[in-house]
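Note sheet for the following structure.
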């Protein structure tokens with residue numbers, strides 16, 4: 001049976017999308033990711049309206065993604081536990097946080113920092129849920145496809161994230177404008193519940209029983225990353241992408257205010273980023289077989305730098321919107337290429353822990369990036385802070401040259 005499975009031709013993107021397991025899993029990822037972005041934008045608008053501080057908006061990201069420091073422990077559970085149960089538990093906690101925010105606004109009319117602290121507490125709960133289920137969600141993707149199908153699956157893995165980043169912020173800003181914060185937070189909770197419904201129908205293959213010969217410690221995953229330098233460089237690159245992409249949310253309210261707009265412009269800015277990210281997925285589908293992964297990594301980082309500088313160069317709304325779109329294109333190219341490169345390099349028994357490190361690298365710097373750019377925006381201008389965010393991907397671009405990422409192959413990595 002093993003030989004027949006290897007000999008079978010890989011399924012196309014269309015077949016993967018309609019596959020009962022992978023297709024439902026993809027929709028579940030879309031609903032949950034959209035819920036996270038809806039919550040983020042609604043919280044950003046609500047807390048900025050209550051305090052008028054970009055730094056306060058940055059605190060939302062800090063508490064939502066700060067718990068990512070504990071993600072490696074969750075990755076350890078994913079390597080020798082029930083992945084599906086872990087995913088569902090994480091979504092339940094996320095739904096509790098988003099629903100709690102809706103209830104907080106429904107039972108009263110909080111203002112000022114009293115409103116801010118309530119939003120921050122609920123965002124922290126959402127962040128804890130993301131830590132619980134995130135590594136399991138990442139580790140489940142390769143279990144639903146063959147190795148030959150993995151590049152296509154990773155492109156589709158990025159599609160829900162980019163589509164959700166397009167729809168989520170725009171939907172969140174629209175709901176706040178039309179119906180208020182209660183409806184916005186309730187919509188976020190609904191997204192997590194829809195994810196739960198989809199994942200419950202997915203059959204994720206069970207892993208083999210834990211072996212006494214395998215080191216399931218977090219230290220083993222860290223040691224493997226350190227000995228595989230291209231893998232380490234890819235994790236550094238995704239950290240730079242996470243750091244540089246977060247200000248597109250954090251700075252949106254302050255940037256919209258500088259441009260003379262309101263919640264509608266906040267939604268337009270984040271939607272422009274999402275449209276660009278979706279366009280990046282289209283470019284990947286066209287050129288994936290012609291351009292190697294290492295080149296895509298460098299290209300994505302370079303495009304993000306150009307987009308940030310372009311958007312910060314003028315106070316003209318159409319140009320800023322276009323710049324956000326360019327940042328989105330680079331974001332999509334970089335995230336997909338980096339994720340594909342990492343998944344192809346890591347051993348099965350380390351997948352949960354190393355993908356947990358991927359999540360830490362991707363989301364861990366985001367609180368720092370949001371707080372730093374929020375502080376810079378408060379002290380200077382949002383446009384200057386937008387330009388400052390380009391430093392991280394520029395430095396990663398210097399490190400992650402295609403030749404550096406080709407230094408060794410996965411088969412040459414020393415065994416642990």
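Placement of Cβ uses the backbone N, Cα and C atoms for every residue, glycine included.
A quick note: this is a predicted structure, and the numbers were derived from the prediction, not measured.
TrEMBL has this to say about the protein:
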DOMAIN    230-416  domain 'Major facilitator superfamily (MFS) profile'
TRANSMEM  36-66  transmembrane segment
TRANSMEM  87-107  transmembrane segment
TRANSMEM  113-133  transmembrane segment
TRANSMEM  154-176  transmembrane segment
TRANSMEM  182-202  transmembrane segment
TRANSMEM  231-256  transmembrane segment
TRANSMEM  268-288  transmembrane segment
TRANSMEM  295-313  transmembrane segment
TRANSMEM  319-342  transmembrane segment
TRANSMEM  354-376  transmembrane segment
TRANSMEM  382-400  transmembrane segment
Contacting positions for the transmembrane segment (295-313) when only residues 6+ beyond its ends and CB under 8 Å are counted: 234, 237, 240-241, 244-245, 276, 280, 284, 319-320, 322-338, 341, 383-384, 386-387, 389-390, 393-394, 396-397, 400-402, 405
The transmembrane segment (182-202) in contact with the transmembrane segment (36-66), cutoff 8 A, at least 3 CB pairs, sep 6+: yes
The transmembrane segment (354-376) touching the transmembrane segment (36-66) per 3+ Cβ pairs under 8 Å rule: yes
Whether the transmembrane segment (382-400) meets the transmembrane segment (113-133): three or more C-beta pairs under 8 angstroms: no
Closest-packing stretch to the transmembrane segment (354-376), where packing means Cβ pairs under 8 Å, from 87-107, 231-256, 268-288, 319-342: 231-256
Integer average pLDDT (0 to 100) for the domain 'Major facilitator superfamily (MFS) profile' (230-416): 81
